[in-house]
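Let me begin by presenting the structure, written as structure tokens, before commenting on it.
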Amino acid sequence: MERFYTCSCFFTDNIFLEEYKLHVRFVSENQFRKDYQNILRSLGCESESQFRDVIGKIQAEIERRQNHKLKSTERAAVIKEIYTPLHQHVYHLQESFLAPELLEMVKYCASSEANVQGLLKLIQTEAASRVFRFQVFRKEFCKDLLEELEHFEQSDAPKGRPNTMNNYGIVLNELGFDEGFITPLREVYLRPLTALLYSDCGGNCLDSHKAFVVKYDMHEDLNLSYHYDNSEVTLNVSLGKDFTEGNLFFGDMRQVPLSETECVEVEHRVTEGLLHRGQHMHGALSISSGTRWNLIIWMRASRQRNKLCPMCGKRPTLVESDGFSDGFTMDSDGDARANVSCSLT
């Protein structure tokens, strides 16, 4: 497998302060005070003790990121040793898991006459710009997968936080889903669609991913603040269980301020996936009852992100890592990132 890298901004940028619904950049305390102290005061962080508490949370998050590679590897090893799956079959993708309409679209995309206009006749277009809906899995598979995820959640095996904003969920590569499930799903069934729908933003050359499930519950995470993804294209599939409300809402692309954006709500439907551009700003409204599990696949195109990191908006400075990491690669001429450093652990 080709070597993948992380951008060094992972250790400084897009740190989410849940209490203030704010993403920040932290290089030093002096820089942070200069850039954010007045903003935080306007959001209710008025005292020095409150500010010091914010600094402490940021430093803890940076430490978590610095140790992420090591801790993830350790968790995966322990899970492999001590965890016994409930449904072993869900770890290996089979066409019988997939909805007929997805298989029909993939078949169409493989035909010589395939084009965007033809695919748009087979896929549902949402009111939000270039957001598409289609049934991904059969209900029986979603039921089995949810039972497996809940079985793992209730086990003594270690669990990692799925991302910097969700507190509850599962990182799927640590559980062993990447090679036999997520990778073939991306390569064989999703990339034919994204190649037509998102060719302008890397959809035709997706070569890595990060996949995780997130959980929303009345006693845990209820919603998700407005954000963009570390992906070129994202698939968000509602797996279940029983829930009310909690719709997604989409704004504009990340370059457009929220004040200039009109948001559009998009409903979650079990077994169905929503496909959208990673830089398309979005969030999740609060559920009002029940529990909802979502499968999220951040699909990445090194050819696209090697030019500009989607998280910091600059040419990436690479940090060595494991697996698919954040989807950056070294160009064949070595030019993509002359600055390559070892991960801080």
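Cβ coordinates come from backbone N, Cα and C, glycine included.
Marked as Fe cation binding site by Swiss-Prot on the basis of sequence analysis: H227, D229, H282. Cβ neighbours of H227 (Fe cation binding site) (same chain, under 8 Å, six or more residues apart in sequence): F16, H23, M165, M281, H282, G283.
When Cβ atoms from all protein chains are considered, those within 10 Å of R292 (2-oxoglutarate binding site) total 22, not counting its own. The 2-oxoglutarate binding site annotation in Swiss-Prot covers R292.
Taken from Swiss-Prot, the feature domain 'Fe2OG dioxygenase' applies to 207-301, supported by sequence analysis.
Here the Cβ of H282 (Fe cation binding site) has 24 other Cβ atoms within 10 Å, regardless of which shown protein chain they belong to.
When the domain 'Fe2OG dioxygenase' (207-301) is classified with DSSP, helix, strand and coil residues number 3 helix, 59 strand, 33 coil. Sequence-distant contacts (6 or more apart, same chain, Cβ under 8 Å) of D229 (Fe cation binding site) comprise G278, Q279, W298.
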